[in-house]
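Straight from TrEMBL, the features:
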BINDING   13-19, 41-43, 301, 327-329, 405-407  GTP binding site
ACT_SITE  14  active site, proton acceptor
BINDING   14, 41  Mg(2+) binding site
BINDING   14, 15, 16, 17, 39, 40, 41, 42, 126, 140, 220, 235, 299  IMP binding site
ACT_SITE  42  active site, proton donor
ACT_SITE  137  active site
BINDING   295, 296, 297, 298, 299, 300, 301  substrate binding site
Ligand code: IMP
């Protein structure tokens with residue numbers, strides 16, 4: 001019986017999971033997405049061609065890998081049909097859990113209308129319907145992907161939902177679809193996706209029992225976790241390692257190595273606390289050099305220094321065995337670089353990540369910068385100050401940095 005390795009984002013998402021998943025996925029027989037939906041996104045360049053992935057697991061880029069979209073995902077059928085057009089025929093290589101939940105166009109309408117109504121208190125969601133789709137699931141009024149197999153019955157159930165929630169939806173200005181239009185849409189989803197929809201739980205168990213190598217590909221980041229993140233400015237799923245288990249149907253005993261992805265600095269999109277945010281020149285420089293603009297929404301990301309307090313907390317929640325440190329080259333040329341090693345609140349030093357970050361300020365350790373790590377492929381070739389930066393991250397977080405990325409290119413990666 002094999003174990004499933006996990007790749008998990010350890011900050012607020014966008015740590016650069018795409019490059020590591022792409023780099024490692026070739027060594028696996030099966031790659032699984034376990035939570036989230038098309039709020040996730042990364043772009044991978046293969047032979048000069050840009051490929052955008054939102055819901056399809058990264059293993060799709062390798063012909064011999066089985067890709068699973070697990071029960072914990074909220075699936076947007078219209079979007080995945082578009083996404084799949086990039087790959088030709090993927091029959092036999094892609095499977096979607098019949099227990100995953102549907103994220104339908106009205107979920108996005110509700111998401112956007114609720115955000116608008118919240119005004120200054122908006123979460124800053126991706127507007128993709130993620131929250132409303134998970135809300136329906138948790139309140140037991142959602143619809144599972146398996147229901148697409150009977151479009152007439154599903155259509156009637158959705159029309160009944162609209163009737164039952166009419167007062168609420170009227171306030172938000174979300175109109176019920178015309179029955180025939182909705183039915184046509186559901187039939188087109190079933191025609192395009194029906195062949196991929198199966199009970200994936202058994203497939204994953206069979207793969208584990210047959211000693212196959214399995215990778216669980218996390219989406220978003222641990223500080224966006226619905227339970228452990230900066231609530232309410234979080235996404236609506238469990239982004240921690242344990243969420244990958246429940247989102248695919250494996251027990252924690254089935255987990256092998258956990259690789260936590262961190263960036264050499266911090267970013268977040270949307271609203272919510274961000275103790276190390278730098279609104280000045282340094283933050284702007286990081287955003288420009290790091291090209292920190294959302295892959296899904298194009299929004300400029302908020303930027304700041306590395307927050308070792310948040311990362312230590314997240315790494316413990318995730319059971320991280322080693323870090324992949326991404327985008328170290330973005331800090332090339334900075335005279336000084338900073339690591340937040342504690343927080344301060346009302347004159348008191350806090351060394352842990354509190355449930356509420358209100359009023360928390362970063363306590364920085366300032367380190368000497370370096371000229372250039374860009375393109376380095378061996379740890380020995382890194383400048384001494386870059387090595388010292390990595391060592392401090394390891395000391396403060398208690399986790400080894402096993403992989404260092406020094407450019408977006410696949411080859412510019414140090415494995416220690
Ligand atoms: P939602 O997931 O669209 O509901 O958005 C909730 C919060 O999570 C917002 O702050 C989003 O910007 C953030 N978020 C969702 N998906 C991602 C992601 O893939 N990367 C980074 N942030 C994300």
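Residue 1 is the first one shown; counting continues down the chain.
Cβ atoms are placed via backbone N, Cα and C, with glycine included.
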Where the record names 14, 15, 16, 17, 39, 40, 41, 42, 126, 140, 220, 235, 299 as binding IMP, the maximum Cα to Cα distance in Å: 34
Pairwise CA distance, residue 297 (substrate binding site) versus residue 43 (GTP binding site), rounded so that it is a whole Å: 13
Subset of binding-site residues (39, 220, 299, 300) lying within 10 A of residue 13 (GTP binding site), CA to CA, in sequence order: 220
Remaining residues near the recorded substrate site, that is with C-beta within 8 Å of the centroid of the site residues 295, 296, 297, 298, 299, 300, 301: 269, 293, 294
Other CB atoms within 10 A, centred on residue 301 (substrate binding site): 20
Distance-selected recorded positions near ligand 1 (C-beta under 6 Å), from 13, 14, 16, 39, 137, 298: 13, 14, 39
Of the binding-site residues listed as 39, 126, 220, the one whose CA lies nearest the CA of residue 300 (substrate binding site): 126
